[in-house]
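Database features (TrEMBL):
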- 543-567: compositional bias 'Basic and acidic residues' (COMPBIAS)
- 49-137: domain 'PPIase FKBP-type' (DOMAIN)
- 161-249: domain 'PPIase FKBP-type' (DOMAIN)
- 273-361: domain 'PPIase FKBP-type' (DOMAIN)
- 385-473: domain 'PPIase FKBP-type' (DOMAIN)
- 529-564: domain 'EF-hand' (DOMAIN)
- 542-567: region 'Disordered' (REGION)
- 1-21: signal peptide (SIGNAL)
Amino acid sequence: MICRLYLRIFLQALLITFVACNAPPVPLDDIVIEKTSVPETCVRAVQSGDFVRYHYHGTFPDGKKFDSSYDKGSTYNVYVGKRQLIEGMDKALVGMCVNERRLVKIPPKMAYGKDGYGDTIPPNSILHFDVLLLDIWNPEDKVQIKTYYKPENCGRTIEVSDFVRYHYNGTLLDGTLFDSSHNRLRTYDTYVGIGWLIAGMDQGLLGMCVGEKRIITMPPSLGYGENGDGSDIPGQASLVFDVVLLDLHNPKDSITVEKLGVPETCQRQSKVGDFIRYHYNGTLMDGTFFDSSYSRKRTYDTYIGKGYVIAGMDEGLLGVCVGEKRRITIPPHLAYGEEGTGTKIPGSAVLIFDIDVIDFHNPSDTVEITTFFKPSKCDILSKKGDFVKYHYNATLMDGTLIDSTHSYGKTYNVVLGSGQVVLGMDMGLKDMCIGEKRTVVIPPHLGYGERGVEGEVPGSAVLVFDIEMIDLEEGLPDGYMFIWNSDVTPDLFTEMDKNLDGHVDPVEFSNYINHQVVTGKGKLAPGFDAGKIIDNMFSNQDRNSDGKITADEFKLKDEETKEHDEL
């Protein structure tokens with residue numbers, strides 16, 4: 001009996017357990033939340049009083065759909081905690097992050113209760129909502145700025161009324177891209193703080209440095225408000241802009257000059273009307289390269305202060321020394337303006353030029369002579385017609401070596417004033433005595449001019465010669481190629497006509513003149529080919545050009561005005 005009693009109790013307990021496991025669901029007392037997707041980072045969670053935008057699917061426990069924001073093609077936008085939602089949803093949204101997804105189960109008493117909602121929600125219905133949160137903001141929100149890169153040097157930041165060029169990616173708070181300047185392959189160019197931008201961007205750009213990168217987040221009240229902006233930006237949407245500043249200037253700006261290197265001595269500074277040769281690298285403010293004279297392997301050569309270059313460069317090149325290095329920053333209204341130059345220099349771009357001044361001169365310049373050694377005895381000074389021998393080192397103004405007689409191991413020998421050297425050197429060698437040392441600076445119009453010497457002297461280059469006079473032989477009076485040092489014999493023709501055949505041939509004439517030179521009775525102009533001088537003298541006496549000189553030809557010549565190289 002006892003065993004049967006225990007068996008009956010056991011079977012009864014088992015039956016009760018089975019019935020309990022398969023009983024109808026008990027109505028919920030509170031909402032149930034399942035977090036089906038949670039973002040890795042959650043900068044901000046919903047609080048009571050926040051405004052949210054979210055998508056949802058609404059279903060009954062059996063899966064039957066009763067509503068969906070997706071079907072309406074727009075998010076559900078509402079304040080949380082202000083009884084604009086059913087109680088269960090007001091509670092379920094608190095603590096959610098943007099891009100978080102929740103499955104929310106709401107009991108009837110926290111939904112539409114015993115009355116339901118028209119034909120859509122029956123009385124006492126449990127509601128399931130699959131919610132995806134897209135946006136959060138609060139009426140008290142201001143612009144939020146997060147700088148994630150700032151250059152080490154930041155000499156200037158954006159102020160009200162500045163003009164800026166920047167790139168940006170614009171997204172909604174959930175990361176949906178609505179616009180990008182990168183996709184258009186051009187910067188966004190605008191004034192800041194004067195109402196040309198939405199209020200949040202006007203505020204968010206202030207204080208930025210060129211090269212700085214920021215995340216600017218703004219509520220809709222500082223963006224596009226209740227109506228949004230077309231199909232890309234919905235109404236009541238928070239906006240996020242990822243901005244990099246490329247350029248910054250003010251219409252009142254003038255150029256700025258930073259001296260990167262100044263030579264120890266500066267005898268002269270450039271002025272309006274000078275012709276200058278310089279090298280440069282040209283970049284935009286963000287460091288983008290657009291041009292370089294170095295890449296062309298030649299200087300940029302121009303007049304300054306005369307409008308041959310952009311206004312900012314015209315100004316920035318004034319007052320420089322040879323060898324000086326400068327950084328010239330030029331605002332667009334003093335450069336290429338709103339149009340730019342096409343692909344290399346965008347419109348409204350600030351330009352930065354790093355320049356290295358090679359030389360400059362003025363068309364009115366003459367030769368500059370500086371004597372740095374003069375012997376104590378300096379009686380005989382070089383003059384036009386003298387035959388001089390000298391050593392030199394030739395350089396450009398920046399010290400670049402062009403040529404040196406020392407490398408050849410011999411002097412350079414010329415007749416002054418005969419056109420054997422450039423005019424500036426002719427001028428620089430005058431009034432020197434043997435042993436004297438000079439530095440002669442020759443402007444290009446007295447040197448090798450605009451063309452220069454290919455492979456040796458650049459066009460329009462100022463030349464610097466360090467000269468040492470080694471020897472000089474006095475020349476003949478101006479214009480003479482031969483002179484007598486003693487009285488001329490009255491019977492000159494007879495002395496020349498050695499074979500007494502009544503005429504003087506070229507050999508007799510040459511032998512006679514050379515003998516006069518050797519014996520010191522006559523002198524040929526030094527530094528010239530003696531044979532050519534004598535041949536020219538013979539030709540001048542040979543009136544009929546028959547290859548011989550007669551006594552009558554001598555007589556006729558004697559009756560004419562005497563020429564400088566004649567007898």
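Numbers run from 1 along the shown chain.
Cβ coordinates are placed from backbone N, Cα and C, and glycine is handled just like the others.
Curation plays no part in TrEMBL annotations; they are all automatic predictions.
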Cβ pairs under 8 Å with the domain 'PPIase FKBP-type' (385-473): which stretch of 49-137, 161-249, 273-361 has the most? 273-361
Residue counts (helix, strand, coil, in that order) that DSSP gives for the domain 'PPIase FKBP-type' (161-249): 13 helix, 37 strand, 39 coil
Within the domain 'PPIase FKBP-type' (273-361), count helix residues (DSSP H, G, I), strand residues (E, B) and coil residues, in that order. 13 helix, 35 strand, 41 coil
Give me the DSSP three-state residue breakdown of the domain 'PPIase FKBP-type' (385-473), ordered helix, strand, coil. 12 helix, 37 strand, 40 coil
